[in-house]
Amino acid sequence: MTVATPPHAPATDVAKSSGTRLVDRVFRMRELAILAVFLVMIVVTQLGNSQFLTEQGIKDLLLNATILVLVATGQSLVVITRNVDLSVGSTLGISAFAAGTHLHGGGDPVVAVALAVLLGIGCGLLNGLLVSLGQVPALVVTLGTLYIIRGIDSIWVGSRQITAADLPDSFVDFGSHGLWAVPWLALIALAVLVATAYYLKHFGSGRELYALGSHPEAARLAGIPVRRRVLFAYTVCGALAGLAGALYLARFGNVDSGTGTGYELTVVSAVVVGGVVFTGGSGSVHGAALGALLLTSINSVLPALGVSSVWVLAINGILLLLAIAVDRVVALRVASALKKRNARHA
Amino acid sequence: ATACGGTTKEDVKNDGAGPAASAGKADPGAALKKGLTVGFLPKQVNNPYFTTADKGGEKALAELGSAYKEVGPSSATDTSGQVSYVNTLTQQQVDAIAVSAQDPGALCTALKQAMGNGIKVVTYDSDTTPQCRNAFVSQASAEDLGRTEVQLLAQQIGYRGEIAVLSAAQTATNQNTWIGYMKEELKDPKYKDVKLVKIAYGNDDAQQSFQQTQGLLQEYPDLKGIISPTTVGIKAAAQYLSGSKYKGKVKLTGLGTPNDMRKYVKNGTVDAFELWDPAKLGDLAARTAVALSSGQITGKEGESFQAGGTTYSIGKDGVISLGKPTVFDAENIDRFNF
Amino acid sequence: MTHPSDPGPTPVLALRDVAKSFGAVRALRSVSLELYAGEVHALAGENGAGKSTLIKTLAGVHRPDAGQVLLDGRPVVFHGPGDARDAGIAVIYQEPTLFPDLSIAENIFMGRQPRRTLGRIDHRATRDATAALMDRLGVELDPDRPARGLSIADQQIVEIAKALSFDARVLIMDEPTAALTGSEVARLFGVVRTLREQGAAVLFISHRLEEIFEICGRVTTLRDGAWIATEPVDGMTEDDLVRRMVGRDLDELYPKQAVTPGDVALSVRRLTREGVFTDVSFEVRRGEIVGLAGLVGAGRTEVARAVFGVDRWDAGEVVVDGRSLTRGAPSTAMAAGLALVPEDRRAQGLVMDMSIERNIGLTGLRTSVRAGLVDRGAERSRSLDWAVRLQVKYARIADAVSTLSGGNQQKVVLAKWLATGPKVLIVDEPTRGIDVGTKAEVHRLLSELAADGVAVLMISSDLPEILGMADRVLVMHEGRLTAEIPRTEATEETVMAAATGRAAA
Amino acid sequence: MPDSLSRAIRWDTVVGALLIVLLLLSFSFVDGFGNALNLSFLLGNTLPIALIALPMTLLVVSGEIDLSVASTAGLSGAVMGKLWNEGMTIETIIPVCLLLGVVCGLVNGLLVTRLGLPSLAVTIGTLAAYRGIAQIVLGSDAVTDFPSPYLDFAAGRVGDSFLPQAFLPFLVLLAIAVVVLHATPFGRSLFAIGASEEAARFAGVRVKRAKLWLFVTTGFMASLTGVFWALHYASARYDNATGLELSVVAAVLLGGIDFDGGKGTLGGAVAGVFLLGALQNVMSLLNVSAQSQIVVTGVLLVVSVLGPRVARQIAVARAGRRAVTSAQTS
Ligand SMILES: Nc1ncnc2c1ncn2[C@@H]1O[C@H](COP(=O)(O)OP(=O)(O)OP(=O)(O)O)[C@@H](O)[C@H]1O
Ligand SMILES: Nc1ncnc2c1ncn2[C@@H]1O[C@H](COP(=O)(O)OP(=O)(O)OP(=O)(O)O)[C@@H](O)[C@H]1O
Ligand SMILES: [Mg+2]
Ligand SMILES: [Mg+2]
């Protein structure tokens, strides 16, 4: 800062206009990079296979992304607070089965979904309580609950499974129908996403999530109820994993004790690709959602281009590396732009 | 040996092929022993298919007056887990092990150690290399399965059009054998208008199988039929088809369980598919194990024994075949519950 | 005891017989303090005397083990910093506590953003209020800029802005000026005076005694966690205050001995780092202490970092003792005999979670080895030796440095580098946050080192320190060396003229 | 008093004690646990995790993580099978595979240190990439016919004792790792890097170089594990060792290694590995179902982090109370 500012020269006008634009551009840029990668990928695929973007094709793309988008949205909330929830796959599995058993017993679909969400909230609360009250590393605790919830799920479910035949037709149809090419499930995910993004940007408690992820000690000193916020983030994450479980049931019509196994790595990948930083405090849910869309689309694009499934895994991994490398380059650009701005002039 | 004195493949092609027949001779007249313990080790516990199979084994053992136990890993790709369960069963001195091998080679050392400790080893559903077990109870001859699936689909599409296969993992031994026989069958001139365009791998994962099906349909818009010789694959493909515009237009067949597929048969997504009765498979595995332990058979080609009223004979490499698979369609599906 | 200048009947905020211990360390023992509306009250004491602990007790960070906190004469219990804030107490902590990922505006208003309907944040109002605060402090910081990458001084400014934004009844400042230069301090004091006139109570901590005399009405002294005295500043001398703090008389503060400089030990030639500093050339000789002055942000730290190799330089050359250094390699710089005491002790100087012993040992990993393995005995005796020589106040050498008071942490950083026996020592703000007694000690040490033939480059924002210690003063302005002033000609005026760019180089 | 107390509640000591208690109980009460065959099974099946846990501990202490280890192991197994099918000698194949592991580690290391990417993200990427390459290399083959001297070494025991032959080399590697981490300047600097990278850099530690070395070593050990795995189970497939990374991470966490970096001991990590291995073995012998075993593992992990925390809080509270009373009496 400079010492000699003329007393009545509000330099703030200049700062505001250019500054706002810069910061906004900066944050949008990272997401734009992912969006660009995504669009290029889609266009290339469409050029290679004209069947790709038919009504059915678009519907498939959206449906594929839906569940991951939901879980990734919840996960980003937790990651923004400098924590992580590895148990989402297990939560998804157990809530999907709970919803399934309810429907199998002739229950109401709305109650079934509510049941799944409630169970998810329960798992989220468990994680949140352990992490925030116990003040122990989230990675270990949620790796533990990953095992615990999965184990309980397996003991409860045993070798039973819920198949499409056990479910009301309306529920299964709901999983694949929609408004023209936009499935109902995708609309639900979109609504959740928009609501979460709005909350994070425009509500005090949303901003506090960023604050406490950015510097936990400072957050405590600023009087932010750290534990309550962390608990909240985990609860939302669990609830969304539960909701995703119910939607999984609608979409795949099939759940057993293994449902959602290994999902945590996919979710974490989506969040990371979406530019949510693991050390907390930065990133956005729409970034994470874009990351999820990108990741699931790769799995549709490659078969549509006729790439042998042997190659899919390797290409997936390399694209993931590319995505984070691109993100990093963008971030570095941003940093140097900030530095230049920082060069003040008397 | 090679010039550099190293160990190469040629040096070690020594182990005789063929099942690890027990030293003694078979005594077809020997009485079936009672009070034996047979340990079932499926690829994965909690897997409905294996649970049905193992329940069949449990029932048979109860009839024969022997004890049943089941152990196994909770993941179908946890090979080292399966190995340590072989070790555990060896440790617990069971009389026989019935195992569905995740990997044809990986269990060998452990199974040989078990046989070294006097334990009889029967593989079922999925085999190991022949010298690592006494006998293999095959669900149906691989040839039968491969050929009938092509026949089923060809009928449904009127012997004309492009077809694809949706398999499980690329490494799944049984899948690959079946696919081999499918290709054989397709060489028959009556299939001259049927073209197998692609083999996709869904890794026995619902979501991946889903997306692979989507990809097949996008890549080959004129696709007429899909064969999925895996219960997970066919289920995922059926669910995708039933919720898409391809429902009823693209035919689907393969291996599935009646409970999984009932809905899709009823709503017209699937006309017919096939499977053996897993409970019978478990039943036969149990009876084979007891027969081996009682000395009625040793696992050599040509031996035969009675099991549940039927006489089974041991084929090449110690393979015992369950029989022909059942075809399920709208007519008969409600008569089955597994 | 009487309060001759009692400004009002009930104190706004008070401590009565408060005690606080950390394990075996008794940080506060039965301390009482009364803060009245409209007064600026100083808190003085050596490093580790318990000042920060006292403040944290007032702020609700620590719960006292015994005694009471009184608000408007009534006992209160603060369950957390939020309670204290709601009671109208604003605190600037000794170490900046910003959220690096959030904008300056959000940092200032976190938790108290102006709201619109439905509890939504009014982003525009937040930004405008921030800009107004920056105006009031006379600084030009973009409210939308993230806090990451701000210099310590700028961080301190944001902290001050944050505290001011509360319009609090009580403002508590723990060494707010430690990172600031004269002109910013003057601005801050202007604001503090206004607040005082408006009836706020201010508690102020500084190790720069002249600041206490400039702005404060009363001063409370602590020593070893115990209350010593509370008295009006008027009529006191600096020596009186120092005696209260230290319990004895003090040696001369700047005991620079005259030495005849020897050979050139450090030679920096046309060093340039794109966009940060340009064409910097200077030499430091054995036995010489060279001061590097300049306004905050002039690029002094950046030069030091580049010379030591933490940052790369784009052009130029650094020669230590005749050996040209590779750029961007601190290990070769160390091998050549260079040492850097960095400005940010918490992030750069120390591994906070590691013990005192290990921290001091860290620079000696390469030297205290036997047969390729760490020689633990040698490491311990080396660490103990230096901890004692610098009079670090600690309970156990194996305690984590994070448990030390700020000044004692600084001493550990010094110990860590002096233990390497450097030929050239660069110290960046070596006495920031260090109490007068220790400051004298550090100064004595630096001149001893110089007398022993070490070349010392001293960066400091404390101009009297530079003037008192340096044989020669280099001045930087906006990334360039603008002046080189010999000791005899160095005065506040000449240095400031060069630092603000008013004098041609 | 607080000193000895805080030392006593160090988690790695607790894990070590738990392991010993478990072993004693199992020897006395669990049928079939104590015989040589079972112990050799136990050690043999735990070895792959233990082998990777060694470099992983160093990596985690320095604040990084490598999730691609299992894929690296799978890739070197796959390449081993492929080359063997091509007729190469096993004496050439093994060094080639180890070299491949070094390359895998180097790629991880360069991405992390040169591009400054977070290791968690990078190695999730290479986790998929390496496994994918393994799939491309070996496809659906399963190679089993490796030369028997090698198979026997990997699966065999020392004489009639319970020690697998491969355990002896592991002990040597363990000793090396312990010395490197706890007694060399390099190891010391890892703790500093993990706790505060910037402060370490300012103290002249070559942070990037150290990390690069660690990633390379981890890659090397992972491929060594892959080779061992293929020989031990006499089966080289592209999906060998799938999911092993989670077991390694769980064991290392259980051993009290802090994933924020800067804390932990190798003793704790190895105790964690064998505690998990022994527990699973015992539970199987006791006919505890696989599902319940998962729950037990999870509970153990949660307790492993909650336990020391609770103990410490109790200790601190007690010390505080004592200080107050002494302050009042003085
Ligand atoms: N969290 C803590 N844990 C253990 N000891 C602590 C802790 N905080 C402070 N101390 C100890 O309490 C004593 C008082 O520390 P405090 O930070 O209050 O000193 P200070 O007067 O602010 O010193 P300085 O001028 O150096 O900032 C010191 O001995 C310090 O080591
Ligand atoms: N010429 C410059 N103009 C504007 N900003 C600068 C300039 N040089 C450096 N900065 C930025 O200002 C901050 C302070 O710079 P630096 O630490 O080099 O200054 P300094 O003179 O050492 O000041 P102090 O040590 O008192 O903070 C750094 O974060 C740097 O990015
Ligand atoms: Mg202090
Ligand atoms: Mg500086």
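Using the three backbone atoms N, Cα and C, a Cβ is placed for every residue, glycine included.
According to TrEMBL, the features are:
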TRANSMEM  A:32-49  transmembrane segment
TRANSMEM  A:61-80  transmembrane segment
TRANSMEM  A:110-131  transmembrane segment
TRANSMEM  A:138-158  transmembrane segment
TRANSMEM  A:178-200  transmembrane segment
TRANSMEM  A:230-250  transmembrane segment
TRANSMEM  A:262-280  transmembrane segment
TRANSMEM  A:287-305  transmembrane segment
TRANSMEM  A:311-331  transmembrane segment
- Item | Most Cβ pairs under 8 Å with the transmembrane segment (A:230-250), selected from A:110-131, A:138-158, A:287-305 | A:110-131
- With pairs closer than 6 in sequence left out, are the transmembrane segment (A:287-305) and the transmembrane segment (A:262-280) joined by 3 or more CB pairs under 8 Å? yes
- Within the same chain, the residues 6 or more beyond the ends of the transmembrane segment (A:138-158) and with Cβ under 8 Å of it are 78, 83-87, 89-91, 93-94, 97, 123, 126-127, 130-131, 256-257, 261, 264
- Residues outside the transmembrane segment (A:178-200) whose C-beta sits under 8 Å from one of its C-beta atoms, at least 6 past its ends, are 55-56, 58-59, 62-63, 65-67, 69-70, 73, 77, 80, 206-207, 209-210, 236, 240, 243, 247, 250-251, 284-286, 289
- Query: Is the transmembrane segment (A:311-331) packed against any residues at least 6 beyond its ends, judged by a Cβ distance under 8 Å, and which are they?
  - Reply: 29-30, 33-34, 37, 269, 272-273, 275, 291, 294-295, 298-299, 302-303
- Short question: which residues 6 or more past the ends of the transmembrane segment (A:110-131) have a Cβ under 8 Å from it? 83, 85, 87, 90-92, 94-96, 98-100, 102-103, 138, 141-142, 145, 149, 171, 230-243, 245-246, 249
